[in-house]
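Taken from TrEMBL as is:
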- 1-22: signal peptide (SIGNAL)
- 458-479: transmembrane segment (TRANSMEM)
- 499-520: transmembrane segment (TRANSMEM)
- 529-598: domain 'G-protein coupled receptors family 3 profile' (DOMAIN)
- 532-553: transmembrane segment (TRANSMEM)
- 574-595: transmembrane segment (TRANSMEM)
- 640-681: coiled coil (COILED)
- 682-696: compositional bias 'Polar residues' (COMPBIAS)
- 682-711: region 'Disordered' (REGION)
Amino acid sequence: MSMFILRISTLLVLFEIYAAEASKVNLTIGALFPMGGGVWDGSGILPGVELALQHINDNPSILPNYTLRMEWKDTQCDAGVGMKSFFELLYEKPTKIVLLGAACSIVSQPVAATAQHWNLVQLSYASASDTLSNTDRFKYFFRIFPTDSGLNAPRIELLLQYGWRRVATIHQTEDLFARGTDLLISGLEDKGIKLLTSESVEPGSVPTNQLSNIKKKDGRIILVSMYEDQARLLFCEAYKQGLYGQKYVYLLPGWYTDGWWIVSDHNIDCTVDQMKEAIEGYISVESLLLSRDDDVTVSGLTPLEYLDAYNTLTNGSDLSAEAFASYGYDATWVLALMFHKVAIQLERSGSSVRIEDFDYDNTNGLRELFIDALNSTNFLGVTGPISFNENGDRFGITKIEQLREIGNELVETTLGLYYPTDELGWLNESNKFEFKGGVIPLDAARVMFEQQRISTSVYIIFSSMSSLGVVLVCLFLAFNIKNRKRKLIKLSSPSINNIIAVGCALSYLSALLLGLDRILESPDAFVNICRARMWTLCIGFTLAFGGLFTKTWRVYFVFTNATKRRRVIKDSHLFLCLFVLLVIDIVILASWMVLDPPQRTTRNFTATVIALRINPIDSRVVITTMIGGNNGVKKVSPEGSDLNNKLKEKEALIETLKSTLEDKDEEIADLQAQLQKAKSMWQEQSMSSSIVTVGKSSPEPRENGECEQQL
């Protein structure tokens, strides 16, 4: 008897459960998924949405009187297929209360522009195009996935932290990337980062000219925005042109599929090893796909528990874009909470309208209630905090990754997180980016000019010899003065010898002054020493060689005198000659000092490279030895100053102006030559009517010479 009662009780419970479920009203969501066959396969997102529906319908506190259902269509990430699928959902029963999707922006844009005419609120789980933020065009569009421009802030923060102030961009000519790149360029300008060039490439075309232009502009930090199939073409061409290695850094979107560079592609003629060599070390930025916190989310699960449930549902299958399933999961919860909030609001207001009364004409005004509920959304999902701004966009957390070789495989490793509060946090301060060669790449060959100076060893040797010469001169001078009364010394004109000694001492002293520029950084001191060396050298040379000249002249005069009368040339005559020579020197030097005094100036002349070598201390530094200019050493330095950058810009401007003037000179010369030829022809011809036309020919364009320093 007791067993019979137990069975009856069980049947009654099951009947009540069935009756309760049968009494629930179905709310149908229309959904769009890219299931493959297009530029992006998002088939791994669908199980995430199905898992969310299961959890929502099993939760008695969420929509207790409703059962959430979904009908979905494949878009193949194609606008035409997507619109066809949308209209199929629209005209198939039952009525779709809201629209979930699409994933690809090229599908979401036409669908969102059309769905608003049927008063459908649309929530995308993966579209990132900034165009969709235009609320005038897409009035009822929301998205849980951050915009493409939302990745610009962390990109710029990375550039600032690593001191990269000169960058180049290259993007695919799709609206998704073009608009985001425009906003990126604006952000770079606001932060004082110089944009070398912004290149665009048509889908499916090889960016040969674009990369060549980046290489010509010496672009080393390259920001890339394109689909992964176009990225394969980019890196294959980058390998061919040598735009890879420790000199270059690529910043890519992080939402490419795992192993995207080894996908079989008939458009790529590079080997797998070549592709790996070209892409190794790239940096990627993408929205955080799964929260790293252990907090319990609105579904009652932690992010790791959600991941376990997803893997159980899919039996651990490796589905394409399964990492984005978390966004599909959270998007479904957003819609469920929206319905729940509106249902409570209608019930409390005593309205007879229910959610299931929605129609495409918005007869009951439910569309506005849905939008208000979405605007007030604020909860914790498995992808992090979820809320929307005035444009229907989400404030999300961004993760920073780098492609590293772990074992024998290349793996994207998460290294940091960027929060909406403009804060970049590293997961491990000691484990940031790893670069080839172990040093941070330079953003350009920053040029520093160093004056060509006398080497220390040479200066010491010649200074010692000059000092020894001065000492010997002093000894000879003392000897000469002390023994001036002796006959042999007296016959050699000791007074003239003393003058010669003083001249030699001044000449030796000028040699010491010529090497003092090594320690003279003050412009005033440098100018004074420069003037002093001119006076000492000129006066010393005149006294020394002038004294020798006068003594030689006296000997010559005595021995070549053909007259019988003996003429005596005294020392006073020699002093007079020296005085005249000295006065000439003083007048010339004094006039020079007064009329055009020497000043310290720096001039850069065209130089010829005679040697290249890599700095053994820092492999990023290339030392270029040059001749033909006043700057003998040109060094690429890891540390650069704004002054050097401005100097480079001014020099480039000067070179451009010089080239323009040269072109004009050639043009004028051509015109003059043609005019002269026309005159000659006119003179040779008769006075009959003739017309001489002087044509103008444009000189062929010439490129300015450039010295590109490459490691």
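Any Cβ shown, glycine's included, is placed from N, Cα and C.
Just so you know, TrEMBL annotations never went through curation; they're auto-generated.
The shown structure was predicted, so the numbers you read here are calculated from the model rather than taken from an experiment.
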DSSP-derived helix, strand and coil totals, residue by residue, for the domain 'G-protein coupled receptors family 3 profile' (529-598): 56 helix, 0 strand, 14 coil
Overall pLDDT for the domain 'G-protein coupled receptors family 3 profile' (529-598), taken as the rounded mean: 85
Remote residues contacting the transmembrane segment (499-520) - C-beta distance under 8 A, at least 6 residues beyond either end: 451, 453-454, 456, 459, 462-463, 466-467, 469-470, 473-474, 476-477, 480, 526, 529, 532-533, 536-537, 539-548, 578
